[in-house]
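Reading through the structure tokens given below for one structure.
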Amino acid sequence: PEVYILILPGFGMISHIISQESGKKETFGCLGMIYAMMAIGLLGFVVWAHHMFTVGMDIDTRAYFTSATMIIAVPTGIKIFSWLATLHGTQINYSPSMLWSLGFVFLFTVGGLTGVILANSSIDVTLHDTYYVVAHFHYVLSMGAVFAIMGGFVHWYPLFTGLAMNPYLLKIQFFTMFIGVNLTFFPQHFLGLAGMPRRYSDYPDIYTSWNIISSLGSYISLIATMLMLMIIWESLINKRIILFPLNMNSSIEWYQNLPPAEHSYNELPILSNF
């Protein structure tokens, strides 16, 4: 269940970012989003043997674990389409945090599709312990969870520090990172389909070309990561203090000064619009 729980904080951040950047007070299908996360969390406990399709389970067991694993894709898909429905009808503002969110939705979907493919026990017998699995879980983790973390960081950095990062550099950094991670992990689908196994330190020469491209992508990602650190450093050095936030006040946290002062409220704030 660990990997399904791992993505839940990311889901929450993406919901916050997308609803706020859309200028809406909540996501589409707010209650359905909550039930979807509960369903993902609960189903995560009854699908463990999808890691064990190659150990010789009988056909009924394989059929069950294939089906149960695929059912996890349903609430996940509900979340994806609810985010898209939240964006519907708004003029999309391609701010850095919005770019990270859109990148998250797209790449997490790609990782989810390869996950549905791997859920098939008959196919998984061939693909088990190949780089296809590595490509799958890096699309949902290195481009799902990490993109959510990056999106959350650039979105709430002004709230935590009261300083602005350079949005132009942030966009350059996003696209550099996007190209880097895709160049790293997309060829691994091909390596897996060609039968390259996981957890070996060396490989036959036939796999060299895709591995070179994958390595090039990792260098690009490294450059993008260093660029991000440089952007944070530049922000802290130049101290561009935010005087007039342009945020839609769909959330109470943006009403205060940035960063919020101690004892901001004389009384408990009233919650409305459930």
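Just so you know, glycine gets a Cβ as well, placed from its N, Cα and C.
For Y4, the entry in Swiss-Prot reads O2 binding site, with the evidence type similarity to another entry. Sequence annotations record features per position, and here Swiss-Prot assigns Cu cation binding site to H50, H51. The annotation Mg(2+) binding site is assigned in Swiss-Prot to H128, D129. Positions annotated as heme a3 binding site by Swiss-Prot, on the basis of similarity to another entry: H136. Feature annotation from Swiss-Prot assigns Fe(II)-heme a binding site to H138; the stated evidence is similarity to another entry. What Swiss-Prot records for 28-48, 65-85, 98-118, 140-160, 174-194, 212-232 is transmembrane segment.
Counting Cβ pairs under 8 Å to the transmembrane segment (65-85), the top-ranked stretch among 28-48, 98-118, 174-194, 212-232 is 28-48.
Long-range C-beta contacts of H138 (Fe(II)-heme a binding site), restricted to its own chain and to partners at least six residues apart, with a cutoff below 8 Å, comprise G111, V181, T184, F185, Q188. Note on the binding-site residues Y4, H50, H51, H136: the fewest other CB atoms within 10 A surround the CB of H51.
With a threshold of 8 Å between CB atoms, the same-chain residues lying at least 6 positions outside the transmembrane segment (212-232) that come near it are 150, 157, 165-166, 169-170, 172-173, 176-177, 179-185, 187-188, 191. Distant neighbours of the transmembrane segment (140-160): 3, 6-7, 9-11, 13-14, 16-17, 20, 96-97, 100-101, 103-104, 107-108, 110-112, 115, 170, 174, 177, 181-182, 185, 228, 232, 235, 242, 245, 253-254, 258-260; these residues of the same chain sit at least 6 beyond its ends, with a Cβ under 8 Å from one of its Cβ atoms. It is 8 Å from the Cα atom of H128 (Mg(2+) binding site) to that of H51 (Cu cation binding site).
With a cut-off of 8 Å between Cβ atoms, the residues of this chain six or more beyond the transmembrane segment (98-118) that come close are 7, 10, 14, 17-18, 21, 50, 69-70, 73, 76-77, 80, 83-84, 92, 124, 127, 132-133, 135-141, 143-144, 147-148, 150-151, 154-155, 171, 174, 178, 181-182, 189.
DSSP gives D129 (Mg(2+) binding site) a coil state; it is part of no helix or strand. Other Cβ atoms within 10 Å of the Cβ of H128 (Mg(2+) binding site) number 20 in total over all chains. Non-local neighbourhood of D129 (Mg(2+) binding site): T54, P197, R198, R199, each in the same chain, at least six residues away, with C-beta under 8 Å from its C-beta.
Distance noted between the C-alpha atoms of the residue listed as 'heme a3 binding site' and H51 (Cu cation binding site) is 13 Å.
Here the Cα atom of the residue listed as 'O2 binding site' is found 14 Å from that of H50 (Cu cation binding site).
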